[in-house]
Amino acid sequence: MEVIRKTFFKKSRLEETSLEEIQLILASASPRRLALLAQIGLDPHQVYATNIDETPKLREHPANLAKRLAKEKALKAQETFLWRDQSSGEKVSAQKIVILAADTVVAVGRTILPSPESEDEAYECLRFLSGRAHKVYGAVCALNECGKITVKLVESCVRFRRLTSPMMEAYLYSGEWQGKAGGYAIQGKAGAFVVYIAGSYSNVVGLPLAETMDLLTAYHYPLLTHWNGKTH
């Protein structure tokens, strides 16, 4: 059957491997998620920066928002890495692929905190988190070339110490809040704000690794061969 192939694949790592190898595509340009994948020995064949509307729906629960956005990111990447067969109209791929997408939502109760775009927004996030417990909802989604899609949700609980004005001002000055859900990075200076954490630490950073491993295994991605080099 005749297939129209997207030129996106030209000069990419996808062309450097055999058709039998499953290609891992990360639907995120987040340096934190790339670093977490590298921590478990994974280097995606492609990194695709998705551009979707992340505005919460009216009265949408933070957990549902995380799951919806992770799924939408995977489906957005699917539009690039799969193409329609002219005869059947179905989306197909000449490669075996697994698209991995994730989203992180920080919330106090049902109040969703943004990824602040200004120091004022970041200050309000820190002030709101000061001395309180909050939830970090992490959703990870896998989608393969056959259209099989699975979403896993992870919930972590984090409590901040009471933050003084000098603490918040110094953290804002560091710039570490930029691009971070809830306006902080637990793996950075804000780790000194955390007095308690329950659940997955890697989820708070940006990608729940245990659940990611489970998903990739379920999609027959040979994760362990990246550790031991064995093919069987």
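Each residue, glycine too, has its Cβ placed from N, Cα and C.
Residues or ranges marked as active site, proton acceptor in Swiss-Prot: Asp103. Among the features that Swiss-Prot reports, site 'Important for substrate specificity' is placed at Arg32, Thr104, Gln187, with the record citing sequence analysis.
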Conformational class of Gln187 (site 'Important for substrate specificity') under the three-state DSSP mapping | coil
Determine, to the nearest whole angstrom, how far the Cα atom of the residue listed as 'active site, proton acceptor' is from the Cα atom of Arg32 (site 'Important for substrate specificity').
-> 12
Within 10 Å of the Cβ of Gln187 (site 'Important for substrate specificity'), how many other Cβ atoms can be counted across all chains shown?
-> 16
Would you identify the secondary structure of Arg32 (site 'Important for substrate specificity') according to DSSP, in three states?
-> helix
